[in-house]
Amino acid sequence: MIHFIGGGQMAEAIIRAVLANKTARKEEITVADISEQRNTYLTKNYQVSANVEQSAALKQADIIVIGVRPQDDLASVGTLICEHSRKEAVVVSIVAGVTIEKLTNFIGEDRAIARVIPNTLTDTGLGYSGVSLNKYAREEQVDRFLSGFGKVMYVEERLIDIFTGFGVAGPNYVYYFIESFADAGVLAGLPRQQSWEIALENVQGAVEMLRQTGKHPRQLLDINNSAGGVGINALHELNNSDFAAGLQRSVLKAVKRTTELGQE
Ligand SMILES: NC(=O)c1ccc[n+]([C@@H]2O[C@H](COP(=O)([O-])OP(=O)(O)OC[C@H]3O[C@@H](n4cnc5c(N)ncnc54)[C@H](OP(=O)(O)O)[C@@H]3O)[C@@H](O)[C@H]2O)c1
């Protein structure tokens, strides 16, 4: 059984994905949110058991997902888990910025804990969630569940903020690139719809090309850029801009902000 403490936006996205991927059946999922309205909504839309007593659901759970916000009463959540759950159950926290050490203080020693930074591409099956395990947790306990909403990358906890600012924020950089690229087509004179379709197809095709050939981007650029041609002229202009360094500064800023938020 998988029990969610807190059934907000992220918990809902995870539930929707694991049900769609058949990683879990609706009978295996319980949810207890503070809000009755939220519980009713989840029961109605996903047919999971979201009108359960926290204590009863915790007794049955093999996986306990903490899906509340960092500013919510985590100490009470920890006490509940401590008092009612089985020692063998693994606690999966998706609470941003809350370290395994803090979670241990709330839940108690000797408990299996997985700290997860869920990716936000849950409905696609793509994108990595970052996972750090404490010494009592094993990959086999969480792997199947976590694979239900994307791919899983196990990382040392010291790398979690980097993983967040670079990896989990990753789609944002790509969304912005696609928008800027489609705008470039419009600026040059193509209709918006055609620019948009070309931009999407190019991004997907370029990723596929890299995967299929196993080549480095520079090798593919060398093939595409003939002497004095279109490609090398375009690249020269891009090199003159702040493109690479700007993107890299943006990632570093996101990592720094992740750390700041965790310390607040
Ligand atoms: N959204 C994302 O993209 C994302 C990405 C990565 C990580 N996260 C993490 O995921 C967690 C949830 O985020 P979210 O966006 O899903 O927030 P959210 O929609 O506000 O969900 C949190 C839910 O938990 C409920 N709650 C609060 N305290 C509770 C308690 N003691 N027992 C039971 N339920 C309780 C809240 O109810 P009330 O509203 O009535 O208080 C709310 O429905 C956060 O810690 C966040 O850091 C989110």
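Yeah, the Cβs are placed from backbone N, Cα and C, and that goes for glycine too.
In TrEMBL, annotation is done automatically, which means it is predicted and not curated.
What TrEMBL records for this protein:
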{"type": "BINDING", "residues": "ILE5, GLY6, GLY7, GLY8, GLN9, MET10", "note": "NADP(+) binding site"}
{"type": "DOMAIN", "residues": "2-97", "note": "domain 'Pyrroline-5-carboxylate reductase catalytic N-terminal'"}
{"type": "DOMAIN", "residues": "157-261", "note": "domain 'Pyrroline-5-carboxylate reductase dimerisation'"}
DSSP-derived class (H/G/I helix, E/B strand, else coil) of GLY6 (NADP(+) binding site): coil
Output field, NADP(+) shell: CB within 8 Å of site CB centroid, site ILE5, GLY6, GLY7, GLY8, GLN9, MET10 dropped: PHE4, ALA11, GLU12, VAL31, ASP33, ARG38, GLY67, VAL68
Site of maximum Cβ density within 10 Å, from binding-site residues GLY7, GLY8: GLY7
Which listed residue (ILE5, MET10) has most other Cβ within 10 Å, given these are binding-site residues: ILE5
Structural state census, the domain 'Pyrroline-5-carboxylate reductase dimerisation' (157-261) (DSSP three-state): 91 helix, 0 strand, 14 coil
